[in-house]
């Protein structure tokens with residue numbers, strides 16, 4: 001059972017793909033990818049289901065989505081176990097992902113009413129009406145780091161608005177999507193409303209290239225997102241929503257307050273999920289002087305004692321592995337590159353076997369031209385600064401703009417920071433990876449097109465229809481100049 005198309009499970013006809021557990025390299029899922037013809041079949045199924053689905057009263061669509069939420073609750077532990085086996089994230093963490101899926105459904109229902117409501121008013125003898133209509137067939141591209149939660153945050157708003165969906169998950173996490181699709185199957189969803197196509201690059205290209213989709217909701221790397229952006233540049237008939245990564249800065253003020261609380265906030269920002277969250281801190285700005293020295297010494301001491309292990313270890317880990325051996329090698333190579341440019345490792349990231357990498361901290365202050373890259377893993381770059389204005393200027397020196405943070409007990413510093421920083425998510429004295437599901441999620445620049453996830457995803461799933469209405473045509477008391485009747 002590999003692909004879910006038009007209400008049936010079908011075997012793939014393309015190249016073989018498999019999912020390897022990153023903590024022991026065992027095969028946890030195997031199948032054949034969808035061919036271009038199978039992708040077209042999935043899109044056609046979604047198109048055929050669209051008219052009846054959008055005509056279904058909202059309350060009926062909501063009932064099916066809420067039934068899915070109940071099934072997720074009932075199967076939360078098994079979902080969490082699959083995600084842990086496939087991504088390597090600690091079991092305690094994947095349990096929170098299953099819970100977040102349920103929470104996002106309630107948020108999406110509220111967002112539908114608040115972001116895409118029906119409104120009417122009277123003006124100059126006319127009834128002015130605002131309605132919202134679904135776009136049609138939506139392609140959803142899911143990432144590997146939150147393979148349940150993040151696709152769910154696009155699928156649910158799309159369905160509530162009356163769209164149908166073709167999901168193409170990351171080739172790193174096909175098992176998770178298959179398990180979740182079976183819950184949608186049990187929810188009473190009509191055939192063709194959601195379709196699942198598994199595969200790697202060729203499958204994704206086939207889905208993005210097809211003329212049959214009306215929009216694409218993407219969460220993933222900036223490189224892939226930019227390819228899609230260029231591809232869609234001449235096609236105004238398709239909506240493209242991009243939620244990509246960031247080279248996220250975290251500035252520590254001299255007035256940072258409690259030392260251990262600050263260190264804890266940094267660790268949660270940089271190393272949670274083994275650094276595989278798009279909002280993770282990548283650059284840490286620390287003041288010059290003894291205060292900064294003491295902070296870094298304590299940070300290194302705490303970080304080197306972070307417990308890294310497989311998800312189900314009896315001694316509960318804080319961090320698991322990278323998603324793959326290739327991803328682990330990428331982080332180690334990034335460290336070597338920064339060292340060659342003049343960076344000094346305060347704590348060297350090391351391979352721990354399979355896809356495990358220990359967290360690393362590197363002082364990049366003396367790197368003349370710091371690469372503006374997202375190192376998607378547990379590698380934190382430290383840059384020393386002298387003034388807050390300098391720190392903010394350096395923090396803004398990136399093409400990205402997803403998340404940023406300031407640790408400071410000084411209100412005036414926060415006022416300056418929030419006024420001058422360029423980022424979509426800006427936190428004070430809280431981890432960068434902390435974000436509210438009912439707030440905008442996204443950022444400017446290379447991080448995407450501003451707010452395509454979380455609460456505001458509703459905006460991307462329906463278009464506004466403005467109407468001026470009257471019961472019958474009327475002739476005004478005074479005709480327009482040059483006109484006679």
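Yeah, the Cβs are placed from backbone N, Cα and C, and that goes for glycine too.
According to Swiss-Prot:
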- 220, 221, 222, 223, 224, 225: NAD(+) binding site (BINDING)
- 243: active site (ACT_SITE)
- 278: active site (ACT_SITE)
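What Swiss-Prot annotates, mapped onto the structure for a quick look.
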residue : record              : contacts (Cβ under 8 Å, 6+ apart)
220     : NAD(+) binding site : 141, 143, 170, 244
221     : NAD(+) binding site : 244, 245, 374, 376
222     : NAD(+) binding site : 244, 245, 374, 400, 446, 447
223     : NAD(+) binding site : none
224     : NAD(+) binding site : 204, 218
225     : NAD(+) binding site : 218, 242, 244, 448
243     : active site         : 218, 219, 278, 441, 442, 447, 448, 452, 453
Message: Validating a neighbour-count step here. Other CB atoms within 10 A of the CB of residue 278 (active site): how many?
response: 30
- prompt: Can you list the residues of the same chain, besides 220, 221, 222, 223, 224, 225, whose Cβ falls within 8 Å of the NAD(+) site's Cβ centroid?
  reply: 218, 226, 227, 244, 245
DSSP three-state assignment (helix, strand or coil) for residue 278 (active site): coil
Message: Please report the three-state DSSP label of residue 243 (active site).
response: strand
Message: Quick check: in three-state DSSP terms, what is residue 221 (NAD(+) binding site)?
response: coil
